[in-house]
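Engineer: To start, I am sharing the structure in question, which I have written as structure tokens.
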């Protein structure tokens, strides 16, 4: 530790408000402290993180002195094992090396594991309002609504990524860390994914496991450099309803980038750093929305929540004006939202997406429609004349160049689907400065028990 490092400290804090990313805000001697594992209104004991001097501190709850009425038992405990550290014995593979079961710090990806589900939506709405105001200078009071049929927030993920440690145990990463917390089953997973016996798997040499499920079929992508024997063992472990794919041995230059040549944020790279080889089954899954099938690559982007695709498609269709002459779908992926709009209106569709494999599927999915698709970064595309523009960008948002292109287009209606309130606020500020008005802005809790949410904003001019 350098002489300028700030050592870890034990503090007692009063929690004031929620913050982006699932943390909460407290203050100590005038300095902001971002606290993990707390709720507004609570008094907690925390341990701060050591590190260089900064304008703020980060801390994790070690003891709840005065609990909120909205606190519930940490749901992450349902996904970890307290078995022997050596992993011996059936069902013990999720053991945490003899450490206590994760407390408030736990593993990442379930930032609201300790919060009543309904109250977590209240916290998300507060963060959304704050970021719209601070970043976009937009006064709005949006709701964050539950997904249809959502009850406890624990059975919704149709895509799950697990990290793998040096011992071959699969699990979730600890917050802001490369430490793997072994799990017994994929957290928050839906249906057959939830039934996978992760505790019974050993995969040395594997870096990451990517699971997906659609309809009655699943897929597992193995990333890393496992031996042939390890791949054989994974195949024997994997249920027969899953296809199995693995990275090829050598990297391929120029692959693995997101839309517009940038990392993808929430969207997994559909063209991986190394190409995939199929060891079993097919490389494509079939999703069904409103009676229509959509082909999507096993490593392709699709909405994660089991209800999200249908919900967002419906929201887009509801936002369409009575008469539509042409539709442009930016960051179109395999065509989900644009195809829904084209089917509802009969209007021709133009879609843009930076991943060639997704565009190939979009063309297949829209084969019976008047549609054309372009495999190109959205920020490099020339937008055709359209009266409706739909966009669903990655977490990085649209950005200044794309927002300017939308403003300069002929579009009168924009439907903006976003998974990041901060970049949404920035882009909405640009669009409203450019002459659009926000007609509606609604949040949807399509990532229950995590810090994330989805929004649908309708703008007109």
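Placement of Cβ uses the backbone N, Cα and C atoms for every residue, glycine included.
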Engineer: In TrEMBL, which of 222-247, 248-273, 274-299, 300-325 is labelled region 'Disordered'?
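Structural biologist: That would be 248-273, the stretch labelled region 'Disordered' in TrEMBL.
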Engineer: 303, 331, 353 bind S-adenosyl-L-methionine in TrEMBL, but which of 385, 387, 392, 420 does that record place at the same site?
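Structural biologist: Of the residues offered, the record points to 392.
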Engineer: Among 19-47, 48-76, 77-105, where does TrEMBL put the label region 'Disordered'?
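Structural biologist: Result: 77-105 is the stretch TrEMBL calls region 'Disordered'.
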Engineer: Take the domain 'TRAM' (4-63) and count its residues per DSSP category (helix H/G/I, strand E/B, coil), listing them in that order.
Structural biologist: 3 helix, 34 strand, 23 coil
Engineer: The record lists 303, 331, 353, 392 as binding S-adenosyl-L-methionine. What's the largest Cα to Cα distance among them, in Å, rounded to a whole number?
Structural biologist: 16
Engineer: Round to a whole number and give the Cα-to-Cα distance in Å for the pair residue 331 (S-adenosyl-L-methionine binding site) and residue 419 (active site).
Structural biologist: 13
Engineer: So, in DSSP terms, is residue 353 (S-adenosyl-L-methionine binding site) helix, strand, or coil?
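Structural biologist: Its secondary structure by DSSP: strand.
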Engineer: Out of 353, 392, which has the highest number of nearby Cβ atoms, where nearby means within 10 Å of its Cβ, if these are the binding-site residues?
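Structural biologist: Highest number of other Cβ atoms within 10 Å: 353.
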Engineer: Taking 10 A as the limit, how many CB atoms besides its own sit near the CB of residue 331 (S-adenosyl-L-methionine binding site)?
Structural biologist: 26
